[in-house]
């Protein structure tokens, strides 16, 4: 049986038109099934330029585009997000932090629903700070945990606190791990990912404009995180996992580590090294998509 998107909102059925404002798309102006009905894989990441680079990469890997081919931004009518498509793959930027990716996901999930997509896999590819890992290691997230190491997303809805699960698809994580073993190009681990509300104090950095703790306290916190199973830190995975769970979508988070936070706070690797690191999640997910389509 095909696995269709599940919308947890009965009010949408009563609407004559659904305007996806931050995508500059709408059911009254666009034919969603014609535009997106064949999508099977959605990859999301923070940067528009990175997601454009990914669609060019996956097009070449799947033999669906010529080298140097330009891919138009489907969301060109807005400067909030960028979206690119080739064959069954959709590539979308989500900005930085929980609020930004949350807005994008609400509209992405509705887009996939209106397009009548089925058997969708959504994967977040990105960068992160590692804990106890060599820079350049790739982490496949088992659970997204909050800053107290609990696998949950806490939201306030209508003035009430709502707790949502942040588990990710275990089978998908294992399939991605197997793909990494097959390409055998970089260190990959499965572990928990801590999702924080900011980049500085929330991640225990000593180099922000405000810091009211010392280095010993910081290191103890990061060691506690490591002992709880956390292997990297970023700022989007919790709401990503929670929303995909509620929508019945298989989801994974694959992030490369740019530094080992036990050894410092600032990213100091040369630009060319960082560029190569950022390509690692793309390579892993690209190989997974090729394998899923029988093209390996």
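Along the chain as shown, residues are numbered 1 onward.
Heads up, the Cβ atoms here are built off N, Cα and C, so glycines get one too.
Just so you know, TrEMBL annotations are computer predictions that nobody has curated.
Sequence annotations record features per position, and here TrEMBL assigns domain 'Nucleoside phosphorylase' to 40-289.
Residues or ranges marked as phosphate binding site in TrEMBL: 80, 124, 125, 126, 127. Counting every protein chain shown, the number of other Cβ atoms lying within 10 Å of the Cβ of residue 126 (phosphate binding site) is 24.
Annotation source TrEMBL lists substrate binding site at 203, 205.
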> Name the residues of the same chain, 6+ apart in sequence, whose Cβ is under 8 Å from the Cβ of residue 127 (phosphate binding site)?
Replying inline: 46, 234, 255, 256, 257, 258, 277, 278
> Max Cα distance spanning 80, 124, 125, 126, 127 (phosphate binders), Å?
Replying inline: 20
>> To see if you understand the setup: which same-chain residues, six or more apart in sequence, place their Cβ under 8 Å from that of residue 80 (phosphate binding site)?
In response: 22, 23, 95, 103
